[in-house]
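Annotation source TrEMBL lists domain 'ABC transmembrane type-1' at 92-298. Annotation comment: TrEMBL describes 96-116, 128-152, 179-195, 233-259, 279-305 as transmembrane segment.
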Amino acid sequence: MVLVRLAAGVAVMAAVLVVVFLATQALPSDPAEAMLGRDATPDRVAALRVELGLDEPAWQQFRDWTWNLVRGNPGDSISSGRPVLEELAPRLRNSLVLLLCAAGIAIPLSFLLGIVTAARQRGHLDRALLTLALGLSAVPEFVIGVGLLLLLSTGPVQVLPAVSMIPADSTPLAHLDKLLLPVLTLTIATVPYLYRMMRASMIEALASDYVQTARLKGLPPGLVLRRHALRNALVPSIQASALVMSYLLSGAVVTEFLFRYPGLGTALSDAVSNRDLPMIQTITVIFAAGVVLMNLIADVLTVTLTPRLRGAGR
């Protein structure tokens, strides 16, 4: 199963490369003109197009771009003139720190709340948390961020900075006060979905025949919960966690832009504004690779937790 998913991931990445290249080729702007500015003469633009290989057929450009990408040399940024990977390295690090901090809070918290409320279904805590989760699920991410800004940065209680700008020579972990608001925003945006998924999986597992049989055998409730219900309830929740991790990597553009957090999201928005095609292409490929990797990890964990799938794989 894992090998099949790995092959599917490679096919998806190949399709992403084709789509990204064709989409950027369809843009009306000329990279050579963007690099030289509007005042550049036609001769200079033509010479730069030859230097960049833009005068070659599209298939040849795609071949060269893919090969350079595989070698780790996707070119230079149009706006800064520096190598793209050199520009994106600190941005990728910052996005990964944000992802790991938000996921490190959201996933354990969601699982814990889902297990507790499923074990005490229809209790006061279950109803209160489910109502809160349903309400928060309808709130867009940027509204959550703006609400936190008004509450903790610009309102009567000004305890956190409103902007998460971090010096280029520093790391987010050295500025925890600037990291807190983006992490809180993403945590609040993702916990309701994961919590409801874990709760539903646990309720289904607790109502299954094998759990009922374990109870009839007189096993302690805690042992039934841990050994028989939790293991099976984790499988769909792990798949949901992979989706959340993919979202935290590639879908946190709004949060990064709102707080001016220097991650891949703001790098992408800046690249789109500057029509920086090498940056746009590389960031998009990084996002796609992250989604494929997260889903592959989820598949490996699913096979590990499901004996019948391990047997099918053999």
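The backbone N, Cα and C atoms fix where each Cβ goes, glycine too.
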Most Cβ pairs under 8 Å with the transmembrane segment (179-195), selected from 96-116, 128-152, 233-259:
96-116
Quickly jot the same-chain residues contacting the transmembrane segment (233-259) by Cβ under 8 Å, restricted to those at least six beyond its ends, or write none.
95-96, 98-99, 102-103, 106-107, 110-111, 114-115, 118, 141-142, 145-146, 149, 162-164, 181-182, 185-186, 189-190, 193-194, 197-198, 201-202, 204-205, 265-266, 268-269, 287-288, 290-291, 294-295, 297-298, 301-302, 305-306
